[in-house]
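Here's what TrEMBL has on this protein:
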type: DOMAIN; residues: A:62-174; note: domain 'Ferric oxidoreductase'
type: TRANSMEM; residues: A:21-44; note: transmembrane segment
type: TRANSMEM; residues: A:64-82; note: transmembrane segment
type: TRANSMEM; residues: A:94-112; note: transmembrane segment
type: TRANSMEM; residues: A:132-153; note: transmembrane segment
type: TRANSMEM; residues: A:165-182; note: transmembrane segment
type: TRANSMEM; residues: A:188-205; note: transmembrane segment
Amino acid sequence: MASTVTLAKPLALHWQQPGPRLFATIKGLLFLLCLLPLAQLLWHALLGHAVNPIEDLTRGLGTWTLRFLLITLCVSPLRALGAPGWLLRLRRMLGLYAFFYACLHLLTYLWLDQFFDWGAIVRDIVKRPFITVGMLAFLLLLPLAITSTDGWIRRLKRNWGKLHRLVYVIAPLGVLHYLWLVKRDLQSPLIYAAILAVLLLWRLWRYLRPTLAARVK
Amino acid sequence: MFPREITAMLIKTLTDRLSAADITPQEVYLNRRQFMAGSAGLLLPVSAIAALPAAKSPLSTSEKPNSRDDITGYNNYYEFGTGKDEPALYAQRLKTRPWTVTVDGEVTRARTFDIDSLLKMKLQERIYRLRCVEGWSMVIPWIGFPLADLLKQVQPTSRARYVAFETALRPGEMPGVARRVLDWPYREGLRIDEAMHPLTILAVGLYGEVLPKQNGAPVRLVVPWKYGFKSIKSISRIHLLEKQPPTSWNMAAPNEYGFYSNVNPAVDHPRWSQATERRIGEFFKRKTLPFNGYGEQVAGLYRGMDLRRNF
């Protein structure tokens with residue numbers, strides 16, 4: 001009889017509150033999943049008979065930076081829509097992947113596009129708005145990546161949350177960087193802009209809701 | 001529809017992989033292509049692959065041409081989509097026969113040329129550098145004839161100061177024109193002296209064969225000292241006129257693309273530098289040359305002009 005009592009938890013409970021081992025597995029799988037785009041981009045550039053592999057790599061890394069920023073911004077709305085709480089514990093990794101892809105994207109520009117010609121790079125940053133905003137977005141990502149550790153979260157207390165709201169500036173700069181780079185066909189950057197707009201407007205609405213409700217009363 | 005396209009893609013990939021024109025003697029390679037085309041024909045109609053005999057030209061560069069795969073797999077031809085790989089996928093729908101090119105306007109003998117009569121012109125191979133405004137370049141072995149040879153036949157009047165070109169507009173065959181990315185049909189223009197210059201050709205072939213559709217079949221302009229977008233594809237009309245004609249990219253963004261659009265490393269695109277370029281297939285970037293390296297032949301056309309203002 002006792003054996004029926006010790007039966008495994010129902011599946012729904014596993015989903016809501018996974019044990020430490022299951023959570024570690026989920027986290028490990030997500031870690032590997034986030035590396036797949038990089039593997040695909042490198043495979044395509046090095047072995048895929050691409051005509052202009054360097055441009056494909058640079059563009060691909062930029063696209064994935066934007067995608068990871070948007071994915072990170074999806075966590076809170078998903079949580080509000082009823083997704084389990086442990087999703088929040090994966091957000092840091094998603095954000096750090098955005099930073100990781102941003103670093104590689106910047107590296108392809110500095111190395112494969114400019115070949116570390118620092119004079120030309122500085123002129124580029126000053127003169128070309130799309131590079132200016134791209135570089136600005138990267139610089140703003142830096143403090144977020146640095147303060148992503150448990151130690152910094154403890155030290156900064158409430159200010160940590162305030163600091164990390166910088167992502168609401170970084171993501172639009174990233175979309176603008178893409179929009180200003182495109183020659184004529186704005187369809188793709190506008191899709192990113194629309195998704196970002198939904199994610200940011202949802203936050204604005206949630207932020208203003210209490211004030212608005214109070215006024216109605 | 002869908003499986004047919006996939007089959008066509010597979011066959012195209014297979015034939016292109018097998019062609020390797022730069023390492024196989026051309027005769028062997030042509031026979032093999034004909035064989036491939038023949039066996040492909042059992043599955044679906046493939047446009048005839050015809051060899052085009054052409055004389056060598058002293059105006060060709062001695063630089064090594066890019067591979068056929070590079071030239072036919074990386075194209076800007078917005079009528080078939082804005083992705084570089086889309087023209088190769090979708091341009092095969094374009095019906096290039098029958099095809100005519102009407103030449104009219106300020107001429108004494110306006111005429112409509114059939115594509116077969118253009119293929120019978122004295123053809124030459126012209127190996128030219130092509131520099132795209134986006135910052136990449138290739139070396140391409142075109143086959144064609146000087147545009148001047150055609151224009152002389154229609155006898156331009158003394159008022160013919162410019163030449164306007166128009167790409168065919170076929171919404172049923174060109175999926176890209178459903179979106180107004182540009183103001184269709186695609187239009188380009190040259191000054192009459194640029195059009196009559198010996199370097200300016202109408203190309204009907206590439207790598208010893210008729211022009212692939214994604215490269216602007218059946219007949220396109222090639223002006224090697226200007227950015228690639230000036231070299232209009234799949235021409236259906238040539239119109240000579242007194243005033244400077246409107247041109248597609250200039251209409252779309254006049255501050256970014258001028259009427260002349262001569263390759264010029266000293267005049268940047270407002271959003272990116274034009275000082276260097278990446279030759280497709282190379283790791284390091286090259287310095288871009290004034291007039292794409294054809295300055296000796298064409299700089300005289302612009303004597304006394306401020307090329308910063310007339311970009």
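Note: Cβ is positioned from N, Cα and C throughout, glycine not excepted.
For the domain 'Ferric oxidoreductase' (A:62-174), the model's pLDDT averages out at 96. Across the domain 'Ferric oxidoreductase' (A:62-174), DSSP helix (H, G, I), strand (E, B) and coil residues number 98 helix, 0 strand, 15 coil. Outside the transmembrane segment (A:64-82) by six or more residues, the chain places 34, 37-38, 41, 88, 90-91, 94-95, 97-98, 101-102, 105, 167, 170-171, 174-175, 178, 192, 195-196, 199-200, 202-203, 206 with a CB less than 8 A from a CB of the stretch.
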